[in-house]
């Protein structure tokens, strides 16, 4: 997770997006694969977490809530992390909307990706068998006058404290344990993520 007023050009570039064709009463209709899966209440969080991607995910969650506030939403995560404020906008929306958000880690959920993974509805947070999770403290960098650097240093410590509190709440670990474990990068396998409380179980196949 990075704490930064700067925004890198992190938007994912998808050169080839498969199209699917459906037969309807009005003939054939084509969808890109992500739009088709959105109809099944599936959202993908892949790549760096940044503002544009976060806005799209928030919009999709709000749309699905409006469509049916009683049905779960499925958030598939494969992310190395990203900007804290972008991730927090996704997190707050997950907590705000009425449908449960089930989170599934495929590949990796690192940094902000791990934070969003564990923020899913209790009992509905999953890892695929060979995925990995990485937790650590927020990263920050700021250039400017000494007084401004001091202001930003205080702010990143405040953000760190709040993120640790939320992580403790969702995992069931003590705040002190979270503080120790996020002092440096900590990688966890899928079974270790279950034991730690980041997820609830491992998905090996569909029922």
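Don't overthink the numbers, they just go from 1 along the chain as shown.
Glycine is no exception: its Cβ is also placed from the backbone N, Cα and C atoms.
Since we're looking at a predicted model, the values are computed, not measured.
Features reported for this protein in Swiss-Prot:
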ACT_SITE  111  active site, nucleophile
ACT_SITE  136  active site
Nonlocal residues around the residue listed as 'active site, nucleophile', in sequence order (Cβ under 8 Å, 6 or more apart): 1, 79, 80, 81, 82, 134, 135, 136
Local backbone state of the residue listed as 'active site', from DSSP in three classes: coil
